[in-house]
Every structure is written in C-alpha cells, then in structure tokens.
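Chemist: Attaching a single structure in structure tokens format; questions to follow.
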Amino acid sequence: MNENNVESILHEERLFPPSAEFSTKARIPNRAALDSLIQVANKDYVGFWAKQARAELSWHQPFEITLDSTNAPYYQWFNDGELNVSFNCLDRHLKDKGDKIAIIFEGESGDRTTLTYQQLHQRVCRFANVLKAQGITQGDRVVIYLPMVPEAVIAMQACARIGAIHSVVFGGFSAESLKDRIEDTEAKFLITADGGYRGGRIIALKAAADRALKSGCKSIQGVIVLRRTGHSISMITERDLWWHEAETGISSHCDPVWLNAEHPLFLLYTSGSTGKPKGIQHASAGYLLGTITTMKWVFDIRDEDIFWCTADIGWVTGHSYVTYGPLAVGATIVIYEGAPTFPDSGRFWKICQDHGVTVFYTAPTAIRALMKAGDNIPAAYNLSQLRLLGTVGEPINPEAWMWYHRVIGGGHCPIVDTWWQTETGVHMIAPIPGVTTAKPGSCTFPLPGIDIAVVNAQGQPITAPDQGGYLVITKPWPSMIRTIWQDKQRYYDTYWRKFDGKYYLSGDSARRDEEGYFWIMGRTDDILNVAGHRLGTMEIESALLAHPKVAEAAVIGRPDDIKGEAILAYVTLKETCSIGDKALIIELRDWVADQIGAIAKPDEIRFVDNLPKTRSGKIMRRLLRSISRGETITQDTSTLESETILTQLQEKN
Ligand code: WT7
C-alpha cells in the first residue's frame, strides 16, 4: 500500500440481531455477559488468558508464567506448564462421554461409520504405539498426506500424543509440493493412503508420494499406508508399511507424553506472496486454548450439537475446527470425504439433513458455488436442525451472505463471519452469535482478549470511519504463530518489521464503519490505485456479485497511462445465463457505477468459465495480474484447481 488510506465505497445497511430464542440458550447470552468478559480482558489481558488457560485446559504441571515477552516478538505462553494436547482432546472426556459419538464419517460413495470417544481414544493410542514402534519420538516431524477420513484425525492426534510434530499436506497437492514440504520439515515419516475419493474419481495419493520420495526426501525413514480405495499400488518392501498390518498385535494403551506448553504441535505451510511456502509453527497449550474458547464463544458449542466444519485437514481450518477444537470440547463432528458437488450440488445439504447437523461452517467460495446451482436444490432437504452458520476464508459478499441466511439458515440462524489466518491459529474477529447484531459482509468485532487496530503506514490508528488501512494485531495472543520453521528472520520480516516489532501485520486491509464494525477489504497486495484513489478489490467484486447474472468476480488493476491503474474485472456468470455479450458488459459497468460510484466502474470486463483459485478456494489475483500483463508466469500454479483455466485466460488477452 502507498501512504494514502484505502477508500471505502461499499455501504451495507441491513442489520441482523440474534433472535431472543437463540440468545436465551447461548453460552454468552447477552451484552452484559460479553462486556464483562471484554472488560476483564481490557484491564489485564495476560491475567484474562491465564484464567482461561486454568479453566479450560487440563494441566499435568500447572504454569506460573503466563506470557514471556523476553524475546518478543517470539512470544511464549504458559511456558513453564506441561500438558498433552491429545489427553485434552480425548482422555479427559472418557469418564463422562466415553460412549458419546466423536466422529460421524461419510465417504464420498456413501459409506458411513461412527467412532465414540472411547473408540477414537483406542485408535489414537494404538496408532501412537505404531509410531513409537517405528522409532518416532518427541520432536520428530511426521508428514501426513491423507484423504479426509477419520484416520487423518487419528494420525494427527497420535502425533500429538507422543510429541511428534505433524505437518499435514493437503491431498490435492502435487508430488512436487509434497516433496518441498517433506524436505523443509526434514520429516522422518510419511503417513499416506493408497488413495482417496473426490468428484467420483480416485486421487492416487500413494503414487504421488512415490514420485515425491523418488526425487529426494532423504530424511524419510518409512511410509505408513492406509488402505482406503483398495486399488493396486506398489509397496516398497523396506520402506512402506500398511497401516492395518503395522497395528497387528499393537496395544491400545498408550500414556500421553507430558510436554512443555510451548512444544511445537504442528507445522502448516502457507504460500507467501513471493518465494517458497512458509512453515507456520504453532505451539501446544496456547493454540489449544484458542480453539476451545472460540468453539464456545463463536460456535456456541453445546453438548447436543452436531458440528460440521467442511474444511479439509490440509488447511488450518481443518486443524482448529475438525481435529482439535471440537474434540477438546467433547463435541460430535461430521467428516465428509468428497466433493461438495458429488453426485450433485445437494450433497452438503443432504449430509446436513441425514446427520442432523446443527452448526455448519464453510467457505464463501463453496457458498457461491452452491448458490449458483439455484434455490430448489437446498429446498429439497430438511435443514431445520441447523441453528448456527459460519464462514471463513475470504470476505463474504453481502449477496452470498443473504442467500446463506435465507435459503440455508431459513432466516433464523445467526451467521458468524470469522476472520483469522493460518498464523493466528483461531478466530480473531467474529460475531458472538447470541449478542452481536450482524451486518452482511462484516466480520464485526475482535474477540475478548484480542486487540486489533486499523492503522496507517506510520502505524497510527485510523480514527475516521470507513477509512481503510493496515489490519494489525496489537497484543500477543495465546494461539499465535511462534515462528516460521527454520526461518526466524523471515518470521520477523513478514509479520513484525513493518511496525518495528510493535504490531503483528496481517497483510489484510480493513476499515471500521461509524459503529466500529470491521470490514475486510482484501489483501494489501491487491489494492488498486485508480486515479489517485486507493480501492480494495473486495468492494468492487461485491458490487458485481450483487448483479443477478454474476456468479463470481475477480478484480485487478491493469497499468494505465492516464489513471495509473485501470480496473479489469474477470466475471463468471450463473449457470442459467448464456455467455455475456457487449450489452451485458455495458450493463455490468453501469451497475457497478450505480452501486458504488463512477470511480469504481470497471474499465474492462472479461467473461470466463472459471477463475483461477487455490485449492482452498481463494482467487489468485496475482496470477490474473500476470496474465493480463502478458508476463511469464512465475507463481506456483501447481496449487491451481485446474490447469486448463490458465489457457483460457491467456486466450482472452
Ligand atoms: C486470509 C487467511 C483462516 C482460515 C482459512 C484461511 C482471508 C479469512 C476471512 C473473513 C475476510 C478472510 C484473509 C486472511 N480471510 N477469513 N472472514 N473475511 N477475509 O487461512 O489461508 O491463512 O488465509 O484469508 O485475507 O488474511 P489462510
């Protein structure tokens, strides 16, 4: 961003207060209850977190030191305490909830299984013993490359039980990405499967793993292979071991290893704007605490809930809200293996109906894709059990929010729009569903104990409403990133240097409206500069998405001699619309000018069949910029959902 603040052009006036029915039963039932939490946190945030950590976690050795800032910004939390994350997720529920269902699993082809807490505990213990028998000990790295099956959770929990540091690689990533991550972590073991099901096809995980290991990965001593699809694969005798064979004769009793609160729990790679992916390193106690408090405050989780977070365990969302948070609070979760559109766009809604899902959490990209399929698909299912909906991953445009609210939530479910990052570990800005009045498109307010500001380039808070700036976190928090694996300097440079170690730089731009609501405007790298006006991509995209014919939109800046940057919009249309003509281009340009002002009117609109997205559904605007400028593509395109998208986009130039 340059020195100017980002201008806001989007205005949203619809308000959605929670219903009395929801609030009465909520964990945080009213403003007074929320305010008292916030006041305690504001007065003494360290003391606030100490109290939460003592109340919510089971400690083997209680901590005395809450926050150690000696080496700030390499902060440490609770670091003279000891606990075990897997003990906190499993063992402590056995007495009261041993027979409660922990996991309801549905495979893509419809196979179903369930695991009670007792059964899950046994399976985790047995697999932890398998890892130990293979010589894996505390501090060793284990890479997990599995489909979305219960064994993925079991493998992660088993690592946590013995203090091995897991690094999950999303099953959709290529052999090359897998290899990079194995080499960066210097992992000792790889856990994979013959394959998984997605979109009616088999994803050949073992074959990709073989390719990754063939070209390097010297640290790998062995591979454990889960049989999922049963199709034929090659096993290398000295190196590869079937999961089920490795478990033969292995005990299901395994004492947890008591670990320092700061012991690394996992590494998870995220791509930076440049250079190789960063291994985001999280610690144990602080991270787990954040998952628990947000499960309670934001998801309002109750004993009888059926909680479904659709994220794959390859993303942080799948770590915090599939593997760790829900189990730590003893909830029942749903895990689904396959694609949201298999065999048709009703699959998510069918799963919600069949398993009685009460709290549902997904990404705006999925919502827009399912919305594109029309209202009569969800209308065919009984979604009346749903009581709370959530979104994460990108700003949700108000039209998608309204659809989610009306069609999926039947008009009665609060929506929690949760802003956070791989680095923050858990939700940072989100509504408290029984208290906060929602505004479609706003993630509302920071959570108790979390201090967030919008600042200008000099680090001064922007006080005027609707002026965009850098979104920063101004105090350390328990679930924060500890460092970038093997790269302390990059951790400092990426997140702290900009404001001299004082603020954590999120990389997002945001504004606050006159009532203090936070609105995320996009990544700071994506900001446009049009005739001296700094505009976020998100607001122009939202305006386009509000047009009845538009399904998806991505806005980028193209160099322009006169205006500095001209606005170029890539647009996909709803299924029911034929490909756009000149008249529609004019209509859409005028529509944006009408909705938000002439300054934001796109100079050019290109219709495409698909937008380039990462596997987690984020639009790759930087890639679109390179394409529109005719530059050679230097970005990692292996994470693209489909490579053919590239060719089509290049043809449009
Ligand atoms: C980036 C972090 C957090 C888990 C999944 C993504 C964007 C995330 C929201 C939201 C607007 C959002 C931000 C953020 N983002 N949630 N509710 N509203 N933007 O994790 O891959 O680390 O991405 O996703 O740009 O910085 P991630």
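Cβ atoms here come from the backbone N, Cα and C positions, even for glycine.
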Chemist: For the ATP site that TrEMBL describes with Gly393, Glu394, Pro395, Asp417, Thr418, Trp419, Trp420, Gln421, Thr422, Asp508, Arg534, which of these is also annotated: Arg490, Arg497, Arg523?
Modeler: Arg523
Chemist: Which whole-number mean pLDDT does the model give the domain 'AMP-dependent synthetase/ligase' (91-477)?
Modeler: 96
Chemist: List the binding-site residues Arg198, Gly199, Arg201, Gly393, Thr418, Val550 whose Cβ sits under 6 Å from any atom of ligand 1, in sequence order.
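Modeler: Near ligand 1, sequence order: Gly393, Thr418.
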Chemist: Rounded to a whole number, what is the top Cα to Cα distance in Å among the residues the record ties to CoA, namely Arg198, Gly199, Gly200, Arg201, Thr317?
Modeler: 25
Chemist: Sort the residues of the domain 'Acetyl-coenzyme A synthetase N-terminal' (36-89) into helix, strand and coil with DSSP and give the three counts.
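Modeler: Output for the domain 'Acetyl-coenzyme A synthetase N-terminal' (36-89) reads 25 helix, 7 strand, 22 coil.
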Chemist: Within the chain of Gly199 (CoA binding site), which residues six or more apart in sequence place their C-beta under 8 angstroms from its C-beta?
Modeler: Glu108, Gly338, Ala339, Thr341, Phe342
Chemist: Counting across all protein chains present, how many other Cβ atoms fall within 10 Å of the Cβ of Gly200 (CoA binding site)?
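Modeler: Gly200 (CoA binding site): 12 neighbouring Cβ atoms within 10 Å.
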Chemist: 10 Å Cβ neighbour count around Pro395 (ATP binding site)?
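Modeler: Around the Cβ of Pro395 (ATP binding site), 27 other Cβ atoms lie within 10 Å.
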Chemist: Would you count the other CB atoms within 10 A of the CB of Arg201 (CoA binding site), including those on all shown protein chains?
Modeler: 13
